[in-house]
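Everything on this sheet refers to the single structure shown next.
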Amino acid sequence: MSTIEDLKATVERLAARVHELEASAKSKIAPEVPKSIRMVLIGPPGAGKGTQAPNLVEKYCACHLATGDMLRSQVQQQTPLGVEAKKIMDAGGLVSDDIMVNMIRSELENNSKCKNGFILDGFPRTIPQAEKLDEMLAEKKQPLEKAVELKIPDDLLVARITGRLVHPASGRSYHKVFNPPKKEMIDDITGEALVQRSDDNADALKKRLVSFHKQTEPIVGYYQKTGIWKGVDAAQDPKKVWGDILKCLGQ
């Protein structure tokens, strides 16, 4: 009798050991690397780029290249391109397309967060910029895969943007009504203060929208011709917008 009980105990110990080994093997399997992404995010101020870009960064482990923030960062760090750009801006000029494209190239080559791809935000704004960007990416054998446009009526944008709050360091955006931070005027991630931009008022926005539409319609046409453009209704709830973006990206 004791022999049978001993055998049962041995079998149970072996089964437990097998279970431990299987669990250990699973834990050592390398985590799945997300699919890479190379895209442009197009949309007027207030369309939700600052809300959706962090979702894309987290989903694809890619870098968010908001060109305005990138330009400010390069100037602050006094990189060769930043120094050159500052001279132009101090003289009241516009930073050239070549400088902006080279800044993007620099980020792709030196920013470790860009290893799995990038989300470009705020560039290109003209067809010559789009062509220069395509040339640079072709040289690097990293062509754009998607251009996603967040589409939204202007009148809704005015309501949205006048309540917008921004975390300056990261570019994360919130809204007092539609997407409030957990704590009033405080960034959810860092605990740092949020700000409301001085140009986030109705009159300033309407002027920016006129400029945006004039610039962007040709860009949308450019990417439609190349076959990588997709449009998303950005007037929906942010979670629904996110789901539609993933569909555009084949997820």
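From the backbone N, Cα and C atoms, a Cβ is placed for every residue, glycine too.
Since this is a predicted model, take the numbers as computed values, not measurements.
Swiss-Prot has this to say about the protein:
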- GLY46, ALA47, GLY48, LYS49, GLY50, THR51, ARG164, SER173, TYR174, GLN236: ATP binding site (BINDING)
- THR67, ARG72, GLY93, LEU94, VAL95, GLY122, PHE123, PRO124, ARG125, GLN129, ARG197, ARG208: AMP binding site (BINDING)
- 66-95: region 'NMP' (REGION)
- 163-200: region 'LID' (REGION)
Lowest local Cβ density (other Cβ within 10 Å) among binding-site residues: GLY46, GLY93: GLY93
Fewest Cβ neighbours within 10 Å, where candidates are the binding-site residues ARG125, ARG164: ARG125
Neighbour tally for ARG197 (AMP binding site), based on other Cβ positions within 10 Å of its Cβ: 14
Nearest of the binding-site residues (THR67, GLY93, VAL95, ARG125, ARG197) to TYR174 (ATP binding site) - Cα to Cα: ARG197
Residue distribution over DSSP helix, strand and coil in the region 'LID' (163-200): 0 helix, 11 strand, 27 coil
Pairwise Cα distance maximum in Å, ATP-binding residues per record: GLY46, ALA47, GLY48, LYS49, GLY50, THR51, ARG164, SER173, TYR174, GLN236: 17
